[in-house]
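According to TrEMBL:
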type	residues	note
BINDING	B:LYS246, B:ASN698, B:GLY734	ATP binding site
BINDING	B:GLU248	Mg(2+) 1 binding site
BINDING	B:ASP272, B:ASP434	Mg(2+) 2 binding site
DOMAIN	B:150-193	domain 'Phosphoribosylformylglycinamidine synthase linker'
DOMAIN	B:230-354	domain 'PurM-like N-terminal'
DOMAIN	B:368-518	domain 'PurM-like C-terminal'
DOMAIN	B:663-743	domain 'PurM-like N-terminal'
DOMAIN	B:777-947	domain 'PurM-like C-terminal'
Amino acid sequence: MEDCFATSWSRNDERGMQMIKPKVLVLKADGTNRDGEMTYAFKVAGGDPKIVHVNELRNGSEKMSDYQILALPGGFAYGDDIVSGKILAIELTSFLRAEMKKFIERKDTAIIGVCNGFQVLVRTGLLPFRKIGEMDVTLTNNDSGHFECRWIKVKVNGKNTSKFLQGMDGAMWLPVAHGEGKFFTDKKTLKEIEDKNLVAFRYVDDDGNPTQKYPDNPNGALNAIVGITDETGRIFGMMPHPECFIREEQHPNWRRGTVKVAGLPIFENIVKFVKEAK
Amino acid sequence: MIQKVRVQTAGQDNIKVYRLEGASEKEAKVLAEKLLSERTNQKYTINQPIHLWGVQAHPRGVSAVEIAYKPGVMNPEVESIMKAASDLGIKLIACDSSTEYFSQKVSFNPLIEHIVTEEPQTLLIKEKPAKTRIIPVRNLNAQELLDLSNETLFLNLEEMQTIQKYFKKIKRDPTDLELETLAQTWSEHSGHKTFKADLIVDGKKKLPLMTRLKKEALKHDKNIVSAFSDNSGVMDFYDGFGICGKVETHNSPSAIEPYGGAMTGSGGVFRDIAATGKGAKNIASTDIFCFAPVDLPASELPVGCLPPEYLLKRVVTGVRDYGNRMGIPTNNGSVHFHKDFRAKPTVIVGAFGITPKKYAIKEKPKLGDLIICVGGKTGRDGIHGATFSSGEMTDQTMGVHSSAVQIGNAIEEKRIFDALLDARNENLIRLVQDCGGGGFSSAIGEIGEELGVSINLENAPLKYQGLAPWEIWMSESQERMIVVLQRKNLGKFKEICKKYNVEFAVLGQFDGSKKLNVSFGSEVVGNLDMKFLHQGLPKRVMKANKPSNVIPADAGIQRAISSQASLLNESRSELDPRLRGDDRVEQPKSEKEWVKVLEKVLAHGNVCSKEPIVRLYDHSVQGTNDLQPFSGINLDGPNDSPVLRPFLDKKYGVIISHGLNPVLNSIDPYWGSIWAATEALSNFVSVGGDYKEACLINNYVWPFPDEQSLWSLDRSVDAVVDFMKVFKIPIISGKDSLSSTYRGKDGVVIKIPPVLCISVLGKIPDTGKTVTTDFKQVGSTIVLVGKMSESLGGSTYFDVRPTYVGDPSLIAQDDITMVPKVDLKILSKTFDAIHKGIQTGKILSSHDISEGGIIGAIFEMCVGGDCGVEIELNTSDGGRLKRSGSHDSSHVLKESNEVKRPDQFLFNETAGCFIVEVENKSVAEQFFKSVPYKILGKTKEGNKMEIYGNEEKLFVADVNDLKKVWQEPMRRMFP
């Protein structure tokens, strides 16, 4: 783990409290780069995160079954070569298929993938239909043709019943930073996703309406889809970075006194869910 | 057998091509379906052309053109394909990827790419091993020595003769490796010969530039942890940590291959941070570019130089693709334009990091310690980079030095850094050294100076066979680092490397011989005394002379005023408008003309919004950015400096900023440099920084140091030394690149406007006590704080006004040397007042004045605040001037900011002045009583900028209209 966080956190840790904190596996591969923020987010939300390299899962020195939450952070796993998240997805489905299957079959587990992590989740097939090794949706090149780093507004899909999304309403600010974030699939699959209310968030304009307009919708995602869950609501992926909006000062306009921290509640919900799940 | 897989994405008409060597067709199908294509939006073929899908039919006769990297050039994708194929149980011998285009116009860079016209039989590179050669130097005469040098060594006669003497003394001739090692170690790039030379300036002896800078800097050591002694400078931070900074230039590679040049420039400076002490973590990066204007007519582009538009686009793409993959936020930078950068662009890349102070200093290697290479394999790429970048640009540069160009692989570097930080935290490391310019030769040569080393080059992992030992030794293949550790730590270190997929090789050890012993297997290929290598370079004595011409500056200026302009191959003889005296420009006469002039200033390359570039860089990664590059209601108001919280759970932070003004430097190198330093520190103060908690980094990008250019360099160094003296803060790191002169075959000589870039790194106890530039509310009072110079020489305003036509010889010296002179005595008080105002929360927003002037700053604050302003300018007798504490009214006028002419006031670009927003007048009176200040007006509802002079309307402009003009230039470049 990054030394800097370790130094300051170990000092703040309360002895004995570790026991009740759900263990979070923050998955790292070559090129993963938002693992520090993901770790911080779960720490603040009351989890017990640990950064684990995929090689440690492969060689058995770490086991998914020892954790309750699997978090796939942003970055450029293996350079996002071929397409984003592809190489890591192949690695996971080739070597950790059984472990992942067991993990999602448990009722007390949660999976979150952000940005590159979301790209990995759809390419493993975990999202949207929990079919490991079968891909039904993709995240492809932004319509603009380039990487985009900016703050955008999203709105929760009230019909999605995932516990991770509870207590959220109205437009929320989140930062995006990606070049391949356009949610895309065939008409039939899109209909199925909509019918089953798997959409978690949509990009919205100033009036709070779902939008296809750039840059409010930064990538041209179909139906302004920001992120989705599976049917159980326990696997969740999205393009923006909630882990980078854990404290007010991370928003460019906090000095104007008009922003609400939007990222933290997602992590608090996840931690709460796995704590209560049995 | 090579299987060729083509993949098309719906709606796109370029086809991705993958060649898989060693796979059966069946295996290729598995790879095509599972790895190379996705059925949701792509289709593929194997060993067959593809029928385009989802795109309009192509004009007849357009056939595919396939562009691939040349064999041997880094293609980062290859490694990933090999890995994923292996994960899927398919063993490939080799693979490659390329692109087929159906467009009639395909651009590619022949230095690194080629058109594939023939199917390759194999993708493996096989070459016969090359042998070490002995180069006879002992019997060469002076001319022969120079001929030998001119090929690749770039040393002068005295240096060549020193080498000859050494080998005569040891009674043998050097190997190619030894000669290359000497040339690299003694190159301007590595040896900084000009900065270390004794100087004779205008006939008087002066200490070397480096000595003067260091001497002054080390007097102000309150915050210094290490300066001038490591790969970056380290300053004190909080809680036992240090923060460090390094700024590099990558002009020469970027001039001929901007994408790879920018990538490897970024990669190199990140490695400098990672190779600070026992290793530091990168937390931010900055990028500063200077190009010729993008609309430069092709006819004015010197032979062998690339068009500025192409350079700008490709450099930005390189920075994006490398920095974003590294997960290092790129959150500060700037782009400058001047015609003479057509000679050679200036590409400056900075990196900043953090490390516990206990790991901030390198440990001395001990006898028996191991020298280890981690990271990428060594290939023939980048050979002669260090010597190449010390040479001038010519029309031959592109062809002859193409091997100095490379493509970076960020992920390789990312995993090295992850591994090194782990190893550092387990205290396994003595020191880390970057393997950059000069390759192993430079990295190992430097750390081995005291003890001596034995190296076996046979141990170095190679990309392909056939490299001569000297090529392995000199190669600048990217993403490699040298680590020194005790033998007992080897096992643990190996484990960490394995965990992060980092390749690893023991190259040799410290042997106590005080020699550089290099072997390849059992063959000795180098045996040099460390003392001769590092101290044998004869010290230079260099002359600098003020140009005899009335104009104290460089060729660019001489061109402009010379009545014999044709001598310099310049067809245009008009005066560079920036150089005109103030009174030669008339004030706009009508409201319409005012707005037009303002629009021109805002659309000027040096002033216009750079947002489209910033959005391509990941500036949010690490989650540390508490003051982002853009803020305000529409998130489009530019800010002065980023403020970072390196520990997300701690309030204290790092502020990073920079400043430069090549135009002013070309007119007056002293005051231009003072302006640059002032601008850099003002950016730091403007967001809330206390200048006493800042350290500086200086970068000199200069024309070749002939007598005149050395004179201006000397003046610039004087300015930096004076600046340190006044503010009692040090330079902690720096770099020079003195080769930005172009020499054409036809005698054309073009020098760039000299660039001094000052970067600032500093700390702040609470990032919450910082401000952005966007106006926060309606009805606030707008105040100008700081002492303005009356001069507008070198300003954007002069650059956009109609060209003066007349007899250039009539221009007096005063007219053109009148660049704004910053009053440094008042400046520290101004800084203190701004800092105090922000810390107490009384300053609601602040923006420092730079290119675009006062009106430009106010405009940008309106953009952020989505509001308007009413500005009231009263000329001299208007009586709004205040400077309490003085009863002498004439003194007041002199010291304060008098409005003589509204245009010269509004477009004034004196650095060290600030536009601030405060609640009301009395706040201004309370906070700014000890410095010159002037109340300019109020913020208003709506989007109008209303400007009045002596109660009469000068003009009203719509902020949203101006915004379009201001945003358009870069939006066009980066749609």
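Glycine too: its Cβ is placed from the backbone N, Cα and C atoms.
A quick note: this is a predicted structure, and the numbers were derived from the prediction, not measured.
Same-chain neighbours of the ATP site beyond B:LYS246, B:ASN698, B:GLY734, judged by a C-beta within 8 angstroms of the site's C-beta center, are, in sequence order, B:GLY233, B:GLY245, B:VAL247, B:LEU696, B:ILE697, B:ASN699, B:ILE731, B:ILE732, B:SER733, B:LYS735, B:SER759. The record assigns B:LYS246, B:ASN698, B:GLY734 to the ATP binding site, and the maximum Cα to Cα distance across that set is 9 Å. In the predicted structure, the domain 'PurM-like C-terminal' (B:368-518) carries a mean pLDDT of 89. Within 10 Å of B:GLY734 (ATP binding site), counting CA to CA, the binding-site residues B:GLU248, B:ASP272, B:ASP434 contribute B:GLU248.
Within its own chain, the domain 'Phosphoribosylformylglycinamidine synthase linker' (B:150-193) is flanked in space by residues 132-138, 140, 142, 210, 384, 386-387, 389-391, 437-438, 441-442, 445, 468-470, 473-474, 516, 518, 525-528, 532-534, 536-538, 540, 736-739, which lie at least six positions past its ends and keep a Cβ under 8 Å from the stretch. For the domain 'PurM-like N-terminal' (B:663-743), the number of residues in each DSSP class (helix H, G, I; strand E, B; coil) is 47 helix, 18 strand, 16 coil. Non-local neighbourhood of B:ASP272 (Mg(2+) 2 binding site): B:ASN231, B:SER232, B:LYS246, B:GLU248, B:ALA351, B:ASP434, B:GLY436, each in the same chain, at least six residues away, with C-beta under 8 Å from its C-beta. Non-local neighbourhood of B:ASN698 (ATP binding site): B:LEU213, B:VAL720, B:ILE731, B:GLY734, B:LEU756, B:CYS757, B:ILE758, B:SER759, each in the same chain, at least six residues away, with C-beta under 8 Å from its C-beta.
Secondary structure at B:GLU248 (Mg(2+) 1 binding site), taken from DSSP and collapsed to helix, strand or coil, is strand. In the three-state DSSP reading, B:ASP272 (Mg(2+) 2 binding site) counts as helix. Neighbours of B:LYS246 (ATP binding site), defined as other CB atoms within 10 A of its CB across all chains, total 31. With DSSP classes pooled into helix, strand and coil, the tally for the domain 'Phosphoribosylformylglycinamidine synthase linker' (B:150-193) is 32 helix, 1 strand, 11 coil. DSSP assigns B:ASP434 (Mg(2+) 2 binding site) to a strand segment in the three-state reduction.
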